[in-house]
Amino acid sequence: MGKEKTHVNLVVIGHVDAGKSTTTGHLIYKCGGIDKRTIEKFEKEADELGKGSFKYAWVLDKLKAERERGITIDIALWKFQTPKYYVTVIDAPGHRDFIKNMITGTSQADCAILIIAGGVGEFEAGISKDGQTREHALLAFTLGVKQLIVAINKMDSVKWSQDRYNEICKETANFVKKVGYNPKSVPFVPISGWNGDNMIEASTNCDWYKGWTKETKAGEVKGKTLLEAIDAIEPPVRPSDKPLRLPLQDVYKIGGIGTVPVGRVETGVIKAGMVVTFAPANVTTEVKSVEMHHEILPDGGFPGDNVGFNVKNVSVKDIRRGNVAGDSKNDPPKGCDSFNAQVIVLNHPGQIGAGYAPVLDCHTAHIACKFDTLIEKIDRRTGKKMEDSPKFIKSGDAAIVKMVPSKPMCVEAFTEYPPLGRFAVRDMRQTVAVGVIKSVEKSDKAGGKVTKAAQKAAKK
């Protein structure tokens, strides 16, 4: 069998018509986990509807529709392989909640693919001031997606013009630099997601294209296709050696077993026999067993695993979604009284001042928080201070803000526990701002509930 391939998570960003579905569909279709039967079924349907030529996007649209109707389609459909990696596409945008998903996302992306439409007029629209492209790229960078690949799509529509390609590369390089990426470490690939040029095999339509290069710590890496660029992602480091943080998605009561909290391990490891503390509930108890997909995990749950674990002497009323479990003996999680965050306002119709109290989505918590003090306005790219104690901030601004939650919540500094240190600010049914937590004022509440099981385990 050999060693299992490393898993990486990709997020695909770009303007609404850049061809994200077709390109992603093509990769999944050619290198992916969609079984032949499903493909044949979709192709037949596409042909019957006269959408035969549209098959990649059609396959993806079908999957998307099923996903949105809440049919939990086999998640393998969103996976494909490169020689080195198992790749999961964690969000194909065009999704209303794309921004929220990216922040509270079920997982952190290791790399973003920015798809740019090369068509005349299309490129200009996608990258314009108010373009979604800018917002998505900025988000990816702010939220710690350190690696980027740029695919310049629809090159067939400009007859594989080298001049057009160079013009777009130059503009896009400036664009990604403004967002915060170093263009030298970003591969640029001209593709046709539709016809498949430079997707998996090198194209015969652009003799002028000599391939992409990117600078890495280990030196220069070269390749030709989009698949090779994905294969050249630098392997991500998974935080299993950090203390445990496991935000709860749900808490179930299961007859004959008892209370079973469920969630995704973000950092550290959760094992049977461990004594965990839930914050901000301030409840401490012993973990009896840990399982995933109804199978016991003898070695415990690791970062990225969605696990259920059985706890003793705790009722469903004691803990809830949005609580965070951690190791009671190793930097246990705590509730917070306030926290300071770098907030970037994306789209708010008015001005935001002290006293504004929208809902924050941070990991699985969904809690109203007050903008207590606007400490300073900063330059979004460099982080340098521009103004002390601004009265207001508006769309496009970045500021350091002291936030006070309306009820107990557990968050962490982004530098220490990234998934618990980024949040979306929701108001008027949209994401109006995003934030990265700089520091947390933790509440040291004495007392709290320590179960008999925990006391017993401590004596062992």
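Including glycine, each Cβ sits where the backbone N, Cα and C put it.
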Do you know which of 91-94, 103-106, 363-366 Swiss-Prot annotates as region 'G3'?
91-94
Between the candidate ranges 70-74, 120-124, 200-204, where does Swiss-Prot place the region 'G2' annotation?
70-74
For which of the residue intervals 45-48, 153-156, 385-388 does Swiss-Prot record region 'G4'?
153-156
I'd like the Cβ neighbour count for M155 (GTP binding site), meaning other Cβ atoms within 10 Å of its Cβ, all protein chains included.
30
For M155 (GTP binding site), the one of K30, K79, K317 that lies nearest, given that the modified residues are compared by Cα:
K30
Segment confidence, the region 'G2' (70-74), expressed as mean pLDDT:
43
Please report the distance from the Cα of K317 (N6-methyllysine) to the Cα of G14 (GTP binding site), rounded to the nearest angstrom.
43
Site of maximum Cβ density within 10 Å, from recorded positions K20, K79, K317, K391:
K20
Among the recorded positions G14, K30, which residue has the fewest other Cβ atoms within 10 Å of its own Cβ?
K30
C-alpha of K391 (N6-methyllysine) to C-alpha of K20 (GTP binding site): distance in Å?
40
